[in-house]
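Taken straight from Swiss-Prot:
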{"type": "TRANSMEM", "residues": "61-83", "note": "transmembrane segment"}
{"type": "TRANSMEM", "residues": "104-126", "note": "transmembrane segment"}
{"type": "TRANSMEM", "residues": "141-163", "note": "transmembrane segment"}
{"type": "TRANSMEM", "residues": "170-192", "note": "transmembrane segment"}
{"type": "TRANSMEM", "residues": "202-224", "note": "transmembrane segment"}
{"type": "TRANSMEM", "residues": "251-273", "note": "transmembrane segment"}
{"type": "TRANSMEM", "residues": "283-305", "note": "transmembrane segment"}
{"type": "TRANSMEM", "residues": "326-348", "note": "transmembrane segment"}
{"type": "TRANSMEM", "residues": "368-390", "note": "transmembrane segment"}
{"type": "TRANSMEM", "residues": "403-425", "note": "transmembrane segment"}
{"type": "TRANSMEM", "residues": "435-457", "note": "transmembrane segment"}
Amino acid sequence: MSSSVVAETVPSGSGSWFSHFKATLVLGIPLIGAQLAQLGIHTTDMVIVGQLGAEKLAAMVLAGQFFFVVFIFGSGFSVAVVPMVAQAYGQGDATSARRSLRMGMWVAIAYWLLALPIFFNAERILVYLGQNPNVAALTGHYLAIAKFGLLPALLFYVLRGLVSAIGRAGIILYVTIIMLVMNGLMAYVLVFGHFGLPAMGMNGAAVVAVIVNAFSFIFIVAYVQTREETKKYELFVRFWRPDWHALFEVLRLGLPISITILAEVTLFAAASILMGQIGTVQLAAHGIALQLASIAFMIPLGLSQAATVRVGVARGQGDFKNLIRASIMIYAIACGIALCGGILFAAVPEFLAKWFLDPKLPEAAEVLAYASSLVVIAGIFQLVDGIQAVTAGLLRGLKDARIPAMLALISYWPIGLALAWTMAFPLGFGGRGVWFGFVIGLSTAAVLLTVRFVLLVKREMKTAR
């Protein structure tokens, strides 16, 4: 990592609280912006498709969750490339960086091929899981097209690892904003049929998703192939040649990261399945509340990525004073933002929900009323979700991935999902019970991960003395 990036992420000297605040924002804002823009793409699709009715919106919720679960597990291996490339970059070793990136792309291609049968059988899987056959059919048609966008999306994630490692994360924000604008304009045209083009409905949104993901990959390839600081890596020279050490390193680092991310994401996907079993209205309302919560989550997620860099650099320097101060500041920023978001969700839930469904539709009143009650619970959910996300980032900065993955699995599934099902069905709370299970599961994760981080820092401080 270049000295300029280190200077931005870990303040020199005494490391005042203000310098930590400033450094966190300098690193975190572009990452947060990129996350928000990425989520905005799916949010735009929901807003547009929601105008077609509750059934189409419910199908869009399932399709988005289905695609995201498959994507996010594969992206964990792409995330693993970042520290490998960063270390090679710091050593001036372009060859090792190129090999890591190449093997990261190999893994992405292999993963996409392995995932194709899941997409081909999406409708059958959803019907088996108790979803409404009509909703499952709409979802299956969408995913039959969207599967072609998975590969460029994964490859883009690998190459953004190089861009981040050399301190050029701003380009990720720029390309994601372009993707957001392209997606909104093209989806509006193809879904409803404007400028002489036929109305394609949900399938139009799927076509646009493929185009936008392909554009992002082509854009970042052009960037790394033409910029002086990146074209020296010669990423596609002898692309066919394997490097088994780099390949196994990507797999070794990526698996626990993928498991950690997937454990939380699949909790939400499973909750959508539970909601679908309760009813179409509840599933549509759940999708609205979940999308709002997901938008808010992009802020602690961006801060989590910043936390990994800042704590990792401080630990490498053996500077525990700045490590602790950086951690406290990131916690403070995350909690402050979550509290503001929670107040907003509690104050105007119906206003927020109306963005996702045309109030004039016959079923809109029932969906919006139910969604408003879930949005209030989502306000509480924000705080604990933000804490556990930031703490996971701090632990990655200490290169601690295996134990957090285990803690996440325990918190999300045996605790969170089990309680969600129990409160929804045996206890009779319905969809609200699912969300209460969310809150308890993520609260457990927040506590366990925070305890793990505190104990680990104390142990490493003791060892360093």
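Placement of Cβ uses the backbone N, Cα and C atoms for every residue, glycine included.
The recorded stretches the transmembrane segment (251-273) and the transmembrane segment (435-457) share 3+ CB pairs below 8 A when only pairs 6 or more apart in sequence are counted, and are therefore in contact. Comparison of 61-83, 202-224, 283-305 by number of C-beta pairs under 8 angstroms to the transmembrane segment (104-126) places 61-83 first.
Count of Cβ pairs under 8 Å against the transmembrane segment (202-224): among 141-163, 170-192, 283-305, the largest is for 141-163. Stretch with the largest number of CB pairs closer than 8 A to the transmembrane segment (61-83), among 141-163, 170-192, 283-305, 326-348: 141-163. Listed as Cβ neighbours of the transmembrane segment (283-305) (distance under 8 Å, sequence separation of 6 or more from its ends, same chain) are residues 24, 28-29, 31-36, 38-40, 42-43, 46, 54, 57-58, 60-62, 64, 135, 268, 271-272, 275-276, 330, 333-334, 337-338, 341, 345, 352-353, 356-357, 367-368, 370-371, 374-375, 377-378, 381-382, 385-387, 389-390, 392-394, 431, 434-435. Among residues of the same chain six or more beyond the transmembrane segment (170-192), those with a C-beta under 8 A of the stretch's C-beta atoms are 30-31, 33-34, 37-38, 40-41, 44-45, 48-49, 51-52, 160, 163-164, 199-202, 204-205, 207-209, 211-213, 215-216, 219-220, 223.
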